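Over in Swiss-Prot, the protein carries these features:
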- 19-39: transmembrane segment (TRANSMEM)
- 56-76: transmembrane segment (TRANSMEM)
- 90-110: transmembrane segment (TRANSMEM)
- 113-133: transmembrane segment (TRANSMEM)
- 144-164: transmembrane segment (TRANSMEM)
- 171-191: transmembrane segment (TRANSMEM)
- 222-242: transmembrane segment (TRANSMEM)
- 254-274: transmembrane segment (TRANSMEM)
- 288-308: transmembrane segment (TRANSMEM)
- 317-337: transmembrane segment (TRANSMEM)
- 376-396: transmembrane segment (TRANSMEM)
Amino acid sequence: MSPSDVPINWKRNLTVTWLGCFLTGAAFSLVMPFLPLYVEQLGVTGHSALNMWSGLVFSITFLFSAIASPFWGGLADRKGRKIMLLRSALGMAIVMLLMGMAQNIWQFLILRALLGLLGGFIPNANALIATQAPRHKSGWALGTLSTGGVSGALLGPLAGGLLADHYGLRPVFFITASVLFICFLLTFFFIRENFLPVSKKEMLHVREVVASLKNPRLVLSLFVTTLIIQVATGSIAPILTLYVRELAGNVSNIAFISGMIASVPGVAALLSAPRLGKLGDRIGPEKILIVALIISVLLLIPMSFVQTPWQLALLRFLLGAADGALLPAVQTLLVYNSTNQIAGRIFSYNQSFRDIGNVTGPLMGAAISASYGFRAVFCVTAGVVLFNAIYSWNSLRRRRLAIE
């Protein structure tokens, strides 16, 4: 029996990749609460300079990730997904270690760019599970996997803040590097993949990748949907604390209240993603996607009219429950409309669109709030999501008509 014929326990791989995504999500978000403080510690002074450099070191990671993702996706299709998971976990661990040793802001900026270049654990984990899970269970599998990164991202800021308070800023980077190295070890020892390497000559070029897709227009619309999801999430991030302060008035625990309101969508997504993924396997991810987008619009609009922080928290919890269905539904549809041969590149292209959304969303939110106020951000974001719902529905309708 050849190595490629050995059966794979995809559920065990799902468990290990879930842990890897959890650790990666936690590692990335561990340093987020004090990123501006670390920038200040590296010698940046003045309000405007601090804002500029904090924005740069935050966004440059996503920018370089968007550039590098297609390259790593192509390499994953040639060499296998496990080796890309190992490369990503070890590379990020080394970069995080070096970040804790940075002596000036330029070194830190370069290392943040390197983090984006060497990242990609989560999209490669998605590609691995997408190619191993049975098609009729891919919605549940990808929905479950998505909760790993969400769980880590929820716990990371809390743990990072506590660690920074007790041990200082630099040690948190060393702890984060250790967490990523554990992720590397878990992947090395426990993930199994049957993959026959493909020579560079046998690799499909971009034009051939597009030609091999069952419905290229639909796949493009799914990429755009991923971008819009991140734009919608990111547009609210820069103004959330300030909006909560406006709603709450003069209260002493504004940081706690805004932190709780920031985290409730993640908790809701954690609860809803596997269940809605399983429902998508039964009724079709297309229906889940469109309904979740419409519900998101209906929840975003009243957010601009709330009068108390608790009204906002309730709406954001419901929004998180709907959002928990979106990315897994997109990923399941990508699985349905591509082959295992190109899965790495398709998921990496999707990651690039996600990273672009991560960069543009906060910029859009900040620009709208500066010109028209906080409440306008929710209305404009609702309009963007509504456009995406119509665009996605039209793309899915065209595919259905083409099949008929």
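The backbone N, Cα and C atoms fix where each Cβ goes, and this holds for glycine too.
Sequence-distant contacts of the transmembrane segment (254-274) (same chain, six or more residues past either end, CB-CB distance under 8 Å): 140, 143-144, 146-147, 150-151, 153-154, 157, 237, 240-241, 244-245, 248, 309, 312-313, 316-325, 328. Long-range neighbours of the transmembrane segment (317-337) within the same chain, counting only residues 6 or more positions beyond its ends whose Cβ lies under 8 Å from a Cβ of the stretch, are 126, 130, 135, 138-139, 142-143, 146, 150, 213-215, 218-219, 222, 225-226, 229, 233, 264-273, 276-277, 280-281, 285-286, 288-289, 292-293, 295-296, 299-300, 303, 343, 346-347, 350. When each of 19-39, 56-76, 171-191, 222-242, 376-396 is checked for Cβ pairs under 8 Å to the transmembrane segment (288-308), 376-396 comes out on top. Where the transmembrane segment (19-39) meets the stretches 56-76, 90-110, 144-164, 171-191, the count of C-beta pairs under 8 angstroms peaks at 144-164. The stretch in closest packing with the transmembrane segment (90-110), judged by the count of Cβ pairs under 8 Å and taken from 56-76, 144-164, 171-191, 376-396, is 171-191. Tertiary proximity for the transmembrane segment (171-191) is limited to same-chain residues at least six positions away from its ends with a CB under 8 Å from its CB atoms, namely 12-13, 16-17, 19-20, 23-24, 26-27, 30-31, 34, 82, 85-86, 89-90, 92-94, 96-97, 99-100, 121, 128, 160, 163-164.
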